[in-house]
Amino acid sequence: VVKEKNRMGECPVWEERENALVYVDINSQKVCRWSPVTNEVQSVSVDARVGSVALRQCGGYVIALGTRFALLDWDTQAVTTILELEQDKPNNRFNDGKVDPKGRFFAGTMAEETAPGVRARRQGALYTLFPDHSVIKQLDQLDISNGLDWSLDHRTFFHIDSLSYAVHAFSYDVHTGKIACPKLLYHLEKEEQMPDGMCIDAEGKLWVACIDGGRVIRIDPETGKRIQTVRLPTPRITSCCFGGKDYSEMYVTSAYDGLDEATLAKEPHAGEIFKVS
């Protein structure tokens, strides 16, 4: 549905009040908004790689870029820093993030590659930004903090650390926002490759985007089993969310960064955004 290609399209979120899909292109340092009505993509450039975006009740967005939390005013394009983190880790940046059921913004960090396939291990962490702008660290020693969501009864938090090739479930206290007691929920099969972004559906099942696996998979958190696979027409599938008029459509982002020229020539859809009806 979105033909404008993203180097690293990520973190799609449906914005009901704008009837639009909001997402980031991490490596192009842009926050984007696509209207299915006009088919137009608008974007705001920021000064660092932007890992995630979320909606604010009062309008505009909260973003995690570089190693800081910030607010983005869409109309003026102004970015206001809330807090700088991990200043002792110049090679780190924020990655995926999402708002919890009480309006707290969870977002995690990762170490960037210093050479293809080379990165410092266990440098990432998961943070929670509260509405009063206070921040707590929830998890430490992560490789690539990634896909996250909450169970429909708000008692479980789901999280992906990509290099563990697994989805973990934590107990979640909706009152405090604290998470605890991690347990392995699902370990990806070889052909599914690496887990990236994730969302939950109205039946409480998880959808996991498989980067380099060219698919999203549906997992039953009750049984820890994969129950469905949707293959997509490009390999680097990065994230997914539900949206549209009644949230019955799944939007899936992808990337073209990481593909060599020969592969790119064979992958005309790399970096586009897809809709699964």
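From the backbone N, Cα and C atoms, a Cβ is placed for every residue, glycine too.
Keep in mind that what you see is a predicted model, and the values were worked out from it rather than measured.
Cβ neighbours of Asp196 (active site, proton donor/acceptor) (same chain, under 8 Å, six or more residues apart in sequence): Asp96, Asn146, Gly147, Ile160, Ser162, Val208, Ala209, Cys210, Ile211, Ile237, Thr238, Ser239. If you look up TrEMBL, you'll see Asp196 marked as active site, proton donor/acceptor.
Positions annotated as divalent metal cation binding site by TrEMBL: Glu10, Asn146, Asp196. All protein chains considered, the CB of Asn146 (divalent metal cation binding site) has 32 other CB atoms within 10 Å.
According to TrEMBL, the substrate binding site annotation covers Arg93, Asn95, Glu113.
Annotation source TrEMBL lists domain 'SMP-30/Gluconolactonase/LRE-like region' at 8-255.
Listed in chain order, the residues near the divalent metal cation site other than Glu10, Asn146, Asp196 are Cys11, Asn95, Asp96, Ile144, Gly147, Ile160, Ser162, Gly197, Ala209, Ile211, Thr238, Ser239, each with its Cβ within 8 Å of the site Cβ centroid. Compute the center of the Cβ atoms of Arg93, Asn95, Glu113, which mark the site for substrate; besides them, the chain residues with Cβ within 8 Å of that center are Ile26, Arg49, Gly51, Asn92, Phe94, Thr109, Met110, Ala111, Glu112, Arg119, Ile144. Cβ packing within 10 Å was compared across the binding-site residues Glu10, Glu113, and the lowest neighbour count falls to Glu113. Considering only the binding-site residues Arg93, Asn95, Glu113, the residues lying within 10 A of Glu10 (divalent metal cation binding site) on a C-alpha to C-alpha basis are Asn95.
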